[in-house]
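Student: Dropping a structure here in structure tokens format, bear with me for questions.
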């Protein structure tokens, strides 16, 4: 959607070019003896610099938003799918529309012909419509998240989110394709003129479908979010929220920073503690409400940026006396474009998760690739393993500071101690185990397998052997030997063959935090 910036332009050269000095033209087929380039005044140079920086920032910022979700599994939620869709729409606008809008603004005329002008205007409407419809979907998603915080994972699934996003783009295409099918005013005689479609009925149709109807849905949803949030917060803090009577089994997946926990909450049984259930509800609700606040800021900025344009466009198309001056229309038009670079600023300022994701990406530390690189670099370095107490699985417990020393020291003549770990009920029985030490092996080579000795005090089981055993490579299993002074005095069942330890485990180990 671009304004008709120069409707009176009928010459073959731009009116804003400076005078050609020292130009001695001797004939139509002869060149000047001392030709010079058009002068570029300071104001126009500043405009080029500002518009170029604005477009570059919009492109880089929206790419960061997309990569943040793609490189962080805990950010791959249905809500963030809508955010990614919004970023894709803004990125498409920044790539395919803003450069040509800036060219039109700087040169003062269109240089790519009539057909491409129509395509460019349609893509403009498509991207802007997809942006606000994505915000409309986000507002509905936030209402469901706040109103039904516990049932949200089952109500809003990945499949439903993808279907909603497809619907957004289909509806946006329907609204934007009208001018390409002939629903527009007659084209001007000069192909160097290019602007928005000001056919009155299409201007009204596109304004309603692209802005006003989605805006009404957004306002209604966020009003309901505010009412529900206020009432639910009051009830939860007072501790009078009733337990759900119809739920038989509920699975909660709680994501807090980098901490992931799966818990199972069974039916109302004897000994059920209402306070713990209320605490879980309060945690879930607080998280959903915080997300609603962040996205509310995004919606508010979108309305502030695009509302002036969608007021000026239909009024100017329906009533010629109300058409704003060209200078005013340019301002409100570029104000709408300015919204494309605001969202990448809002997300890291309002969400610590997005801020950390941005910092990792800017530091070239996309999570998946970073783990693989650290695995290769560390080789046989000692890592901390902590058995996880939920569901009988093992989980990493190494802190970020301890995961990798700045010196990159590995097990070469040094001794590293693993902190005490809470054993998994499914494997280690009850009780807390003392610290387990990994002894230094001077001949330990990179790539050697790393494991833990059998935890002391483990209850015997008839159906399984030892959890961790070591054996010589290429030889049958044999009982281990007691540690001696050469290995730091640790009690292990380890022997070395050709500088590498053998390893056998009857239980899978979760890798450390790479």
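Cβ atoms are placed via backbone N, Cα and C, with glycine included.
Keep in mind the model is a prediction, meaning the values are calculated, not measured.
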Student: Look up transmembrane segment in Swiss-Prot and report which of 115-140, 245-270 it refers to.
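Tutor: Checking Swiss-Prot against the ranges 115-140, 245-270, the transmembrane segment one is 115-140.
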Student: Do residue 160 and residue 352 end up on the same side of the membrane, going by Swiss-Prot?
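Tutor: Result: yes, residue 160 and residue 352 share a side in Swiss-Prot.
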Student: Swiss-Prot lists transmembrane segment for one of the ranges 161-183, 368-390; which is that range?
Tutor: 161-183
Student: Look up transmembrane segment in Swiss-Prot and report which of 271-294, 295-318, 391-414 it refers to.
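Tutor: Swiss-Prot lists transmembrane segment for residues 295-318.
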Student: Mean pLDDT, the topological domain 'Extracellular' (105-114)?
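Tutor: Averaged over the topological domain 'Extracellular' (105-114), the predicted model reaches a pLDDT of 84.
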Student: To the transmembrane segment (83-104), which of 161-183, 201-223, 295-318, 326-350 is linked by the most Cβ pairs under 8 Å?
Tutor: 326-350
Student: Just give the helix, strand and coil counts over the topological domain 'Extracellular' (184-200), going by DSSP.
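Tutor: Split into helix, strand and coil, the topological domain 'Extracellular' (184-200) gives 1 helix, 0 strand, 16 coil.
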